[in-house]
């Protein structure tokens, strides 16, 4: 079935759009996987909130975006009314889900920040335990911080994880405490997840409008030649 010039343009725009969305979905999965590998050790700080949840969410969202975008590509190229409308429905659901996720992130990021800072204080107070000491070393090395508030919290027994790289045999400690650094990390992660979710939803809204226009055009063409 031949589409008119306007609908043909929308068809190929939608195809290119979904091709780019497929690549974005793969990128989200990669970002989620890499960040999950880096921050998984921090989960032991708090039992109240999951610091790995954003990374897992990125992987899930990326996978869903890839599948839906692939479905949209097929619907556009095959000029299938059924596939295009199905694509539009799932895209609408995904947009709503991303807006809800962003709202929840912005609402609860403060609670998560307080819980992890409190958890680190408890962890630091029990630093004589081998497993706690190892986790503190990991946090200090990854976040480039030292002690709860400063190097003074170590009372002269500064571990190597507090020292800046390339300063051996002397130890030049990080100047920022891990409580503050952990709070900054969670704030940044929350902002990235929330705004990326809203940004992707805004872009997907363009795809939803194009899909609705294409599906309506296909249906009108089918009725005309029925």
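Cβ coordinates are placed from backbone N, Cα and C, and glycine is handled just like the others.
Features reported for this protein in TrEMBL:
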TRANSMEM  12-36  transmembrane segment
TRANSMEM  56-77  transmembrane segment
TRANSMEM  89-109  transmembrane segment
DISULFID  145-178  disulfide bond
DISULFID  146-162  disulfide bond
TRANSMEM  192-215  transmembrane segment
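Annotation for residue 178 (disulfide bond): spatial neighbours 120, 124, 136, 139, 140, 143, 145, 146, 147, 148, criterion Cβ-Cβ under 8 Å with sequence separation of six or more. A simple way to gauge crowding: the CB of residue 146 (disulfide bond) has 27 other CB atoms within 10 angstroms, across all the protein chains here. For the disulfide-bonded residues shown (145, 162), fewest C-beta neighbours within 10 angstroms: 162. Counting only same-chain residues 6+ beyond the ends of the transmembrane segment (89-109), those with a CB under 8 A from a CB of the stretch are 49, 54, 57, 61, 64-65, 68, 71-72, 186-187, 190-191, 193-195, 197-198, 200-201, 204-205, 207-208, 211.
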